[in-house]
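Trainee: Here it is, the structure, as structure tokens.
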Amino acid sequence: MAEHGQHSVQHAAAGEFDNMELVHPKTFLGKYVWSQDAKVIAIQYGVTAIAIGLVALVLSILMRLQLGFPNTFSLIDPASYLQYVTMHGMIMVVYLLTALFLGAFGNYLIPLMCGARDMAFPYLNMLSYWFYLAAVLILMASFFVPGGATGAGWTLYPPQAISPGTPGIDGGILLMFASLSVFIAGFTMGGLNYVVTVLQARTRGMTLMRLPLTIWGIFMATVMALLAFPALLVAILMMLCDMLLGTSFFMPEMLNLGEPSAHEGGSPLLYQHLFWFFGHPEVYIVALPAFGIVSDILATHARKNIFGYRMMVWAIIIIAVLSFVVWAHHMFISGMNPYFGFLFATTTLIIAVPTAIKVYNWVLTLWRGNIRMTVPMLFAIGFIFTFVNGGLSGLFLGNVTVDVPLADTYFVVGHFHMVMAVAPVLVVFGAIYHWYPKITGRMLDDTLGKIHFWVTFLGTYAIFYPMHFMGFAGVPRRYYGYGETSYIPDSMQALNAFMSVAAIIVALVQLVFFYNLVRSYFHGREAGPNPWQATTLEWQTEHTPPRHGNFGAELPVVYRWAYDYGVPGAKHDFLPQNMPPEAVEADDTVPGRRS
Amino acid sequence: MASNEPNVSSPRQGAPGFIHDWSAERRVFNVPWGKAMMWLFILSDVFIFACFLVGYMVLRMSTVEPWPDASEVFALTIAGQSIPLLLIAIMTFILISSSGTMALAVKYGYANDRRKTAVLLLITALLGASFVGMQAFEWAILIGEGVRPWENPWGAAQFGAVFFLITGFHGTHVTIGVIFIVIMAVKVMRGSLDGQRPGFLTGRKGNYGMVESLGLYWHFVDLVWVFIFAFFYLW
Ligand code: HEM
Ligand SMILES: [Cu+2]
């Protein structure tokens, strides 16, 4: 950081906040329900996302019960298993993780960390949440319509997604389409807000290259989402027409359960291209915010600046760009020109380079740091392990020849759970432990947190690690049961039972986490404004929790990057971003740290 | 916004100016928030239309049936003479003209000429509405000739599907634009923008930057039409 420590940047024009009035409602409804305050919207997003995430968790336990103890539970039949797979996958990816990282963490952290009073368009921001809620409710309704939720798999591939024989083709799939469309509309409103706020509404002195990496991650993920969701929307609209109007965008001429279908000449491959043009970036939409948040947690709790900040920013940008040109690695077995396979394998493997850089930088940040083994730190380190694991199995699947035998086996299930399920969820937990003190003013309990961490971390390994071996043995994914399949050894059943028990334990230990959340809200230790002694602006607010408008009468002025930990010559081991250079040696008042 | 903001243009031109802007504090672009948001929205919308058009190309190139001949399908018969592309030429001309009136409305808006702005906005809305009307007329003709989303008398079934879906989606954009332009015209006439009156829903203070942002949307919708026109009527 060349401009380190001094405030050399020219001041731009007065921001629009200076002549904008925030809506300060008086009533309870206005404050907590129809709120336009990004922090309240963030909590609304977070609570809704976690609630629906619990539904997805229950579904995964139901699946695991069937897999571990086949035919013991009469509730689960082959059709409902497919519905569970589909809803579990879709909810986890879109309605839990995307909404949580962008809607909840984005809303809470972007204005605070950029030094803004609120999002640029508070009203639109509020609408975004209500659209999201509607999308969630529509999705839930699909469990209750005749025929139940759709069982097409979260990829919703045609023709089967809308052909007789697939569960939920009456109402379930329609509600899935409706819900996703509403989600996309709502997300667009929020996403425009996040991007404009980061680009246009930062406080004085906050240059792009002084932004905390959390913001960089959320920002790039939002940009990607704004460009990736359109492909999904188009695919949905076309499939909707195929279903309701009898068009043939995706539907070929075929025999269906012995009956000729009413379609001709559609291209199922076109759908796959559109879907994965969304689907692959979606993986990084979930991953980039996690990358950013982990970087900040590591630096704060290791009392050390993040290693290679510029490299980290560029890696995020390069990953975001590259992830738009790798989508067909999900289609190696769908039938494509071998040269295309080669091309997409190459781009896929190239992404490993910036990703590896990030991992090295995280590890180097820890190197010789003054590591505090707090709960957020544990989760962040857990993330590194899990992510490296999932990344390595990704290298297998990125190569066409290795992917062909492994595709659609449990190796894939193990891979993506490691890399995009467990790893980001660990970050979600870490982030909640990290920012809960700012959101509520109280600390979460440490012992409960450590129990939560160790059981979750080791438990997820117990669930998902064996899946890789099952994949090598050829166990296919999305199967309700295997019966007497000659090539699947009997030992797989024992393994399955073991994984299911682990899954139940992991699910149960989440109760400890929720207990901790509720108990600490009332009885937790007072946190004070800056319990982790962090540098970023959200810890320097006048009030904890921050009020509407975030900062006091004056917006903070930023003089340095977000990673001034252990600066030689400074009195304290951290310099908040808004500490003027004069204050560094002069006296010992640290701004934002009133006692 | 432009009226009450000091003009802080980038001190340097070309690449150094670009770098200066991007590494500046507070804001990257010297534009009001509303305009930045509209650009972003348009970018996202570009991806929607791009996906539609790419889908159309894929379907058209992969079908084994013949594709209906545009110059016959879209011909208008006047006085016993079949004139290809007549209706669509008129529609395109109208839509492009409406971009011109929109641009003028923005110009007079910044000049604080309320009356001219409102009138120009209304003309734009009228042109837009007549575009939609003619599109409905064209749909009616095609439907009368037996074109359906699932079949048509001349060849590949996908013709009707992509045609109705894509022109319908674009027509929806135009319709939404017309509605917002009418609302904006009313706001201008009532003086809400000069008086910086807060919006009914959003509470944002009125200003003529809003007309410009709306204008951006409108020009975008017109530009997309040029692509749709080229791909459907000239290919
Ligand atoms: C305790 C946690 C979890 C357990 C026990 C679990 C278990 C499972 C199981 C058993 C399947 C079905 C495998 C099959 O039959 O093919 C599955 C599929 C899936 N899971 Fe999870 N899962 C968990 C968490 C997550 C999370 C957090 C995500 C978020 C990304 C996620 C995303 C998916 C996806 C995308 C699928 C694929 C759905 C499909 O094939 O259509 N899972 N999971
Ligand atoms: Cu991918």
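Heads up, the Cβ atoms here are built off N, Cα and C, so glycines get one too.
Straight from TrEMBL, here's the annotation block:
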- A:28-559: domain 'Cytochrome oxidase subunit I profile' (DOMAIN)
- A:45-67: transmembrane segment (TRANSMEM)
- A:87-110: transmembrane segment (TRANSMEM)
- A:130-154: transmembrane segment (TRANSMEM)
- A:174-199: transmembrane segment (TRANSMEM)
- A:211-240: transmembrane segment (TRANSMEM)
- A:274-299: transmembrane segment (TRANSMEM)
- A:311-333: transmembrane segment (TRANSMEM)
- A:339-363: transmembrane segment (TRANSMEM)
- A:375-398: transmembrane segment (TRANSMEM)
- A:410-433: transmembrane segment (TRANSMEM)
- A:453-475: transmembrane segment (TRANSMEM)
- A:495-518: transmembrane segment (TRANSMEM)
- A:576-595: region 'Disordered' (REGION)
Trainee: Would you mind listing the long-range same-chain contacts of the transmembrane segment (A:453-475), meaning Cβ under 8 Å and 6+ residues beyond its ends?
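Mentor: For the transmembrane segment (A:453-475), the nonlocal Cβ contacts are 64, 375, 378-379, 382, 385-386, 393, 405-406, 409-415, 417-418, 422, 426, 429, 482, 487-489, 492, 495-496, 498-499, 502-503, 505-506, 509-510, 512.
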Trainee: Is it true that the transmembrane segment (A:495-518) and the transmembrane segment (A:311-333) have 3 or more Cβ pairs under 8 Å, skipping pairs fewer than 6 apart in sequence?
Mentor: no
Trainee: Under 8 Å, at least 3 Cβ pairs, sequence separation 6 or more: does that hold for the transmembrane segment (A:130-154) versus the transmembrane segment (A:311-333)?
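Mentor: Result for the transmembrane segment (A:130-154) with the transmembrane segment (A:311-333) is no.
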Trainee: On average, what pLDDT score does this prediction assign to the domain 'Cytochrome oxidase subunit I profile' (A:28-559)?
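Mentor: Computed over the domain 'Cytochrome oxidase subunit I profile' (A:28-559), the mean pLDDT is 94 on the 0 to 100 scale.
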Trainee: Go through A:87-110, A:174-199, A:211-240, A:274-299, A:311-333 and flag the stretch with the largest number of C-beta pairs under 8 Å relative to the transmembrane segment (A:45-67).
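Mentor: Counting Cβ pairs under 8 Å, the winner is A:87-110.
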Trainee: Assess whether the transmembrane segment (A:410-433) lies in contact with the transmembrane segment (A:274-299), where contact requires at least three Cβ pairs under 8 Å among residues 6 or more apart in sequence.
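Mentor: Since 3 or more Cβ pairs under 8 Å link them, the transmembrane segment (A:410-433) and the transmembrane segment (A:274-299) do come into contact.
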Trainee: Residues sitting near the transmembrane segment (A:274-299): Cβ under 8 Å, six or more positions beyond its termini, same chain?
Mentor: 93-94, 97-98, 101-102, 105-106, 155-157, 212-218, 220-221, 224-225, 227-232, 234-235, 238, 305-306, 312, 316, 319-320, 323-324, 326-331, 358, 361-362, 365-366, 376-377, 379-381, 383-384, 416, 419-420, 423-424, 427-428, 430-431, 434, 534, 536, 562-563, 565
Trainee: With contact taken as 3 or more Cβ pairs under 8 angstroms (pairs 6 or more apart in sequence), are the transmembrane segment (A:87-110) and the transmembrane segment (A:339-363) in contact?
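Mentor: Contact criterion not met.
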Trainee: Mind checking which residues reach the transmembrane segment (A:174-199)? Cβ under 8 Å, same chain, six or more beyond either end.
Mentor: 90, 94-95, 98, 102-103, 106-107, 110-111, 114, 116, 119-121, 124-125, 127-132, 134-136, 138-139, 141-142, 145, 149-150, 156, 168, 211, 215, 218-219, 222-223, 225-226, 229, 232-233, 236-237, 239-240, 243
Trainee: Near the transmembrane segment (A:211-240), which same-chain residues lie under 8 Å Cβ to Cβ, leaving out any that are not at least 6 residues past its ends?
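Mentor: Distal contacts: 98, 101-102, 105-106, 109-110, 113-114, 156, 158, 161-162, 174, 177, 180-181, 184, 187-188, 191-192, 194-195, 198, 202, 247, 249-250, 271, 274-275, 277-279, 281-282, 284-293, 295-296, 306, 309, 312-313, 316-317, 320, 323-324, 536, 562.
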